[in-house]
Amino acid sequence: MKQVQTKRDWKKLAYDVVEEKMITKEDAIAILEADDTEVLEIMNAAYIIRHHHFGKKVKLNMIINTKSGLCPEDCGYCSQSIISEAPIDKYAWLTQEKIVEGAHEAIRRKAGTYCIVASGRRPTDKEVNHVIGAVKEIRETTDLKICCCLGFLNEDQAGLLAEAGVHRYNHNLNTHANNYDSICSTHTYDDRVDTVQKAKQAGISPCSGAIFGMGETIEERAEIAFELQRIDADSIPCNFLVAVKGTPLEGQKELTPVDCLKVLAMMRFVNPTKEIRISGGREINLRSVQPIGLFAANSIFVGDYLTTAGQEPTADWGMIADLGFEIEECAL
């Protein structure tokens with residue numbers, strides 16, 4: 001005789017989280033394994049937590065790819081890696097003027113955070129100074145928050161970025177420690193954690209998340225959320241694999257739109273006070289249920305990603321307005 005699974009009271013679990021009672025790994029796995037018919041109840045419960053901490057505000061972030069391709073690392077998901085055969089634009093560093101122009105475009109797109117991203121294993125000191133020159137001008141002429149994602153950092157470089165006024169440093173964990181060797185062989189999971197810690201020690205707010213759909217188990221997905229809690233990432237980008245043609249993960253498809261919603265909800269339950277961002281792969285993986293994702297997440301990228309296209313900013317603004325939510329705009 002088939003055993004009937006007892007339905008969870010997701011709202012009660014959410015109110016427990018609001019009262020600062022942490023959920024267990026078993027609770028997180030239960031969210032991920034819940035029947036698809038429960039997803040709206042789960043998202044409604046996640047919204048209780050999201051609304052308690054962030055109300056109806058949605059943070060917008062814009063990326064500029066300041067150096068594309070030419071990366072010596074062999075990350076299997078990445079179109080910019082040395083082993084990728086993806087037909088992407090490849091170019092060396094943009095000028096400081098172009099980086100500053102991008103900041104003003106971010107404001108036009110109603111973004112509050114401007115993300116300066118460069119491919120590569122780690123920046124040279126000269127490259128860090130190049131970024132710092134642009135950062136200082138952006139800080140003098142706008143009220144944007146600035147995030148940098150430049151690869152591995154040493155302590156001196158992290159300190160210089162902090163001194164220049166960089167608010168946040170992004171360095172994703174990408175996948176579970178157990179799964180890391182199957183994704184990349186040119187650096188380790190611990191290398192990535194080390195850079196997150198160096199940024200934090202320098203006084204920069206750490207931004208770190210993962211790419212879901214790269215062969216990790218359900219249990220590992222839950223453990224990633226708790227690892228991000230452990231390292232105290234202030235901002236958590238949830239990326240969903242875009243299996244780019246020409247990369248080793250080409251054609252891999254593990255996630256349904258409902259799976260993605262469950263990941264976002266689980267991340268909100270585990271990290272209730274943190275900025276949860278629906279990041280790369282949003283349009284491709286969530287498709288028509290993108291708006292529902294914002295009942296758990298409180299942040300998105302506006303415009304294009306590093307090498308893949310996003311939807312038009314007007315579509316994102318409209319989606320947010322249709323939900324009755326509000327853009328947390330940059331103060332001009």
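Note that Cβ sites are derived from N, Cα and C of the backbone, with glycine treated the same way.
Quantities reported herein were computed from a predicted structural model and do not represent experimental measurements.
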Quiz prompt | Residue from Cys75, Cys78, Cys115 that Swiss-Prot also lists as binding [2Fe-2S] cluster with Cys147, Cys207, Arg277 | solution = Cys115
Practice problem: Using the recorded [2Fe-2S] cluster site (Cys115, Cys147, Cys207, Arg277) as reference, state which further residues of the same chain have their Cβ within 8 Å of the centre of those residues' Cβ atoms, listed in sequence order. | Solution: Asn61, Thr113, Cys149, Arg168, Asn170, Ser235, Pro237
Quiz item: To which of the binding-site residues Cys115, Cys207 does the lowest count of other Cβ atoms within 10 Å belong?
Solution: Cys115
Quiz prompt | Neighbouring C-beta atoms (10 Å sphere around the C-beta of Cys71 ([4Fe-4S] cluster binding site)) | solution = 22
Self-check item: Among Cys78, Cys147, the one of these binding-site residues whose Cβ has the fewest neighbouring Cβ atoms within 10 Å
Solution: Cys147
Quiz item: When DSSP states are folded down to helix, strand and coil, where does Arg277 ([2Fe-2S] cluster binding site) land?
Solution: strand
Practice problem: Give me the non-local Cβ neighbours of Arg277 ([2Fe-2S] cluster binding site): same chain, 6+ apart in sequence, Cβ-Cβ under 8 Å, ordered along the sequence. | Solution: Lys59, Asn61, Gly209, Ser235, Ile236, Pro237, Cys238, Ala297, Asn298, Ser299, Ile300, Phe301
